[in-house]
Amino acid sequence: MPKRKLIFISLIFLFMLTGCRFLWLHFFATPPHPVPVHGELDLRNWDPITDHSIIVDGQWEFYPNMFLIQNNDLPKSITAEPEYIQVPVSWRMPAMTGDNPNIGFGTYRLRIHVDPGKGRSFGFHIPSISSSSEVYVNGQRVGQSGQPADRKQAYKPLDLPYTAYYNLENGALLDLVIQVANFDDTTKGGIVRSIQFGLENVLDRDKLFAADMVRFACVAYMIHALYGVVLYFVGNRDKRLLYFSGMITCIVLGTLVDGERLLFAWIPFNYEWSIKILFLTMISGGYFLLQLIRFRLPYWLRTTGSLIYIIACIAALVSILLLPASTIFMLHWGYIVTMFIPCLLAPVVLFRSTISSSRENIFLLLAAIASISSLIWLFVLYFLRMEMVSYPFDLMIATICFASYWFKRYFQMMDESRKLATKLQRADKQKDDFLATVAHELRNPLHGILNISQSVSDREKDTMGLKSAKDLELLETIGRRMSFMINDLLDLARIKENRITLQLSHVSIHSVAATVIDMLQFLTQGKPLRFSNQVQPSFPLVIADENRLIQILINLLHNAVKYSYAGEVAVEARAENGWAVISVRDAGIGMNADVLESIFEPYEQAAHPVAGGGFGLGLSICKQLVELHGGTMKASSQPNKGSVFTFTLKLAGSSEQRSGSADQDHTKQELWGQDQRGALESAAIAFEQMAAASVPPSALSHPSHPQPSPLPGLSRVLAVDDDPVNLKVLESIFAAEPYEIVTATSGKEALALLDQRSYDLVISDVMMPGMSGYELTARIRSRYSVSELPVLLLTACSRDEDIEAGFRAGANDYVTKPMKATELKSRVKSLTKLKRSVNERLRMEAAWLQAQIKPHFILNTFTAIAELSKVDTDRMDALVEELNNYIRLSIDFQNSDQSAPLEHELSLVQSYLYIKKERFGDRLQVVWNVEDAIQVQIPPLTIQPLVENAVIHGILSRASGGEVTISITQSGHEVKVSVSDNGIGIDEAKLAHILDRQVDARTGIGLHNTDRRLKQFYGSGLKIDSRLGEGTTVSFSIAKSHAGKTSY
């Protein structure tokens, strides 16, 4: 703002304040009246006394160091000559009373002549007499404050305002005597403020008006102080608002302890504290004012100068609290200067800042001018000994100017906030669009990185070092987590654009939880942490979008693992008033109340080192997806005690359970898709409807398992689904195809069927109670390789995590729902052909491997025969017979079958050992421990490779030889086969990977091949125990119920 304009506005404002002050003085001015002269005041001819009270300023009689009244009695004659002193003014005692002329005692006297016809009840208002006083009228004591005395030990100081009344019954003279003593206040003594006199009713009216003006001003001030505090707590916590409220509070206290001094009328403070409160208020007001304008000060004043002033204020406050009143009076000019520094500094600083910066500072400048004006008038009235009715408007105008400044700032900030909010919303949308675009662009490179790392890991796993393998594993883990974040970004963009449509159906919480837990098992690697599905398989179905429910649980479980070091992450559910209440509970780091309030906001995360990055979107997406389902989501947590995330979904009605016919239509849509209307599809649906109508519920619940097909060319397929209707639909799809469909309604039942017969393919649904499709696939892979028994998964989810979880569990392929019948049949056909081709190759390879005879073994045997022909023909004949038996059994075509009698295998082993013993003599010792009457079928060449391994690598590797023990025993329904030697043994490093090494075809059937075939047939492979230098034991066990298992 221009300097000249600002000066003009300031002067106009100051003139207005001064004019209002003069108008106030004029309005409440008392008409001209007589004044005391030589201790006499004659009001007998002054008629306005009936309407006006007056101040009795003038010449009073004064008797220093003397009390006229003793024992409430005015003496008949007074011998001492009075002095005439101007009232109000501080007395000046003779030097004999002490060094300070304000210390002492004395008596004031004034004789007032009144007209009894105008009234007889009169009053005297005494605002302040320093420091104790007694008032007598016509010899009768009518009021006092403190206890005056002629010595300090006997007097009690108290300077409080009071009003004394006297009823003039006879005569027309009021002989007013005021006895005063002061031994504390060194700055003033005696009557220092005007005494007001008038008729009782007139005086009461005037005093009530003055008190009401003070109350009104204080209420107005406190309203401003309160809204300053309110704005601080509801706004941006600007401390200047608190300083403003503190300054206003000091103004209120100053108003109450000065002028009418109402505070002391309400609360009877003693003399010491009445003085301390006044000076404490002065110093505090100056401090708050400086803090209020501090941000406008020059740098050196804002730093060094402010620090010095704050130290001075603290010192002043401490001294006021600790020192006695007499010492405080000696330091009072220092306190006044301390208060006046910011009062004088404020207008100058605010004037300069208004010129150089924002225009709204003019309100602060005007407030400072109004405040200084009030202080100047206070000193003018004090030094001129003038009394006037309390005038609060200067300070009220100052307060209003301060309030105007804050309101102006508030509305400016609101306007700026609206503009910033608009910019932030635009930036937020741009950010979301950018992140969504980046997510799209990152998805393909990320998948490329994961695929290459997986390829390198698979290709180089036998040659790379342990550290490199760990690094690749870490790379894949980081990539999968990054994939989670990318999917969250894409989902958030879809939710904000309302592009998510729910495909509601009846869903099993138990099945979904089991599936998700299987998918996320890799997250617990390296942590003492486990998942727990505590939802019962019998828990009612819920109405939900299966894909989105999986996504919700994935995010919640992933979040639980992310913030947990150890313990259990559990999924729980309970039914409550038609709703399913689903909880994910962990024992992680927990959260405090502040974090809980914002945990569901996008991009919010707990500030903890274990967080490990991320965008903080998962929980926000979960909440929005739950709300799309009509449910609610909440969280409860305590630091270091874990968290519980709970959401609700609507339960399906009892008439809508999965066994109802209404859900069959949904099942068909789930399997086929609504747009498929082919003839085969229609026939399948018709077949399903007839099956559902004709087959009793018990049959649907427990489908029969077909007997072995008489046609050997059929491929046997095991279909696993917990919904019998879905199994019937699968049977109808493949009714005209060359497949034998065997059905199972649970993973446990499927594993039992695999123990009984051989299959070419397993088709399994992912979502099943008890054991999910992922877990079933993993259990199958523990016995069969991907080529020995293909697995095709049916999943409703096409998310990368779901597909990756399937392949990680060991699936060969997957088909997403809703699916086409042609696609399903094509994939089944490809997988069964693969299985048949692999089986044929393995059979031919086994036949070739079994038929081949190691040249060095034959050569060495013929050499032994030649040597024996010279020395022992009987032994030669026996050796030739055993060699003939060994060769015959080895090239027998029956060995290419999948099983052979135990006797067949033992005969081969006996011939092999006989030949070896003939060659090496006592270096090879053989112990047989075979129980009689054990009739079982085992895979061919199962025991012989174990014996050959023990002889060549265990016994004959050292010159002293050793002993081989073949043990075959049965216990209950189990047959145990073991081959032991006391040879060189195997070190731990080699033992840990001995079954992982692929066997070269040139070395014959090895341990790896034997272990694989045993797992395929019986579900368990070889067990190897060895100690270096002590020997090795290789064993396996088979159940008699499995011993006769065949492929047909």
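Note: Cβ is positioned from N, Cα and C throughout, glycine not excepted.
TrEMBL does not curate its annotations; it predicts them automatically.
TrEMBL annotations:
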type: DOMAIN; residues: 437-653; note: domain 'Histidine kinase'
type: DOMAIN; residues: 716-832; note: domain 'Response regulatory'
type: DOMAIN; residues: 872-1042; note: domain 'Histidine kinase'
type: MOD_RES; residues: Asp765; note: 4-aspartylphosphate
type: REGION; residues: 696-715; note: region 'Disordered'
type: TRANSMEM; residues: 213-234; note: transmembrane segment
type: TRANSMEM; residues: 241-257; note: transmembrane segment
type: TRANSMEM; residues: 277-295; note: transmembrane segment
type: TRANSMEM; residues: 307-326; note: transmembrane segment
type: TRANSMEM; residues: 332-351; note: transmembrane segment
type: TRANSMEM; residues: 363-383; note: transmembrane segment
Considering the transmembrane segment (332-351), which listed stretch of 241-257, 277-295, 307-326 counts the most C-beta pairs under 8 Å:
277-295
Short question: which residues 6 or more past the ends of the transmembrane segment (277-295) have a Cβ under 8 Å from it?
239-240, 243-244, 246-247, 250-251, 253-254, 257-258, 263, 269, 302, 306, 309-310, 313, 316-317, 320-321, 328, 332, 335-336, 338-343, 345-346, 349-350, 364, 368, 371
Distant-in-sequence neighbours of the transmembrane segment (241-257), which means Cβ under 8 A and at least six residues beyond its ends
214, 217-218, 221-222, 224-226, 228-229, 231-232, 235, 263-264, 274, 277-278, 281-282, 284-285, 288-289, 291-292, 390, 392, 395, 399, 402, 406
Taking all residues of the domain 'Response regulatory' (716-832) together, what is their mean pLDDT?
85
With DSSP as the yardstick, break the domain 'Response regulatory' (716-832) down into helix, strand and coil residue counts.
51 helix, 25 strand, 41 coil
Intrachain C-beta neighbours of Asp765 (4-aspartylphosphate), sequence separation six or more, cut-off 8 angstroms
Val720, Asp721, Asp722, Asp723, Asn726, Gly773, Leu793, Leu794, Thr795
